[in-house]
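The ATP binding site feature in Swiss-Prot is assigned to 8, 9, 10, 11, 12, 13, 14, 15, 16, 17, 18. Taken from Swiss-Prot, the feature Zn(2+) binding site applies to 188, 198, 201, 204.
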């Protein structure tokens, strides 16, 4: 069976990617990161999801939190803002996060003989993060095949971003068709220890709108009653 490394945050998109990779016949090696994120409940969710969905293995890598300063997701002194339409890169951007995560996934993949890496990046219904754009994914794939023994020898890597051009509605519809239990997932940028969502941040807003527009019951547990 072919192997794939799947970046698994515990959120909606990465869980959909895990389900999709499994449906394509991959033995999935889930990889999560503890990097000082305030929404650490997502790591508990990732553990539940990996077990529930039958991942071949699940590793949680602890990174030095000093690598990720200056973000509302890692610095308690910076407030996570409520959702607001804006073309600007928000304060929830974590410096070079996907680059670092993919680099770790690449090393792991080469070491276990996997040549496919899955990431839940999307350039639709997102917060203008530069490391979610298709040109970033394409560039990293080129780098992967220039920087590794396997790549140089022609055993090439593929960086799979299957949600790249899907809206949140489409991602939810796809996951629902694949049998994903979204009640296990945590997407909120500031979920409490119980995994209950704030309902106000960018991630919560995109998620709520997605379920509503998809006509799928929202299984998210919220900290308080909120409205779009």
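Cβ from N, Cα, C; glycine included.
In this structure the alpha carbons, written CA, of residue 198 (Zn(2+) binding site) and residue 12 (ATP binding site) are 16 Å apart.
Between the alpha carbons (Cα) of residue 8 (ATP binding site) and residue 204 (Zn(2+) binding site) lies a span of roughly 18 Å. A C-beta separation below 8 Å, combined with a sequence spacing of at least six in one chain, links residue 10 (ATP binding site) to 32, 41, 42, 43, 44, 45, 46, 47, 48, 49, 185, 186. DSSP assigns residue 18 (ATP binding site) to a helix in the three-state reduction. For residue 12 (ATP binding site), other Cβ atoms within 10 Å of its Cβ number 25. The two recorded residues, residue 16 (ATP binding site) and residue 204 (Zn(2+) binding site), show a Cα separation of 16 Å. Put simply, of the binding-site residues 12, 14, 18, the one whose Cα is nearest the Cα of residue 204 (Zn(2+) binding site) is 12.
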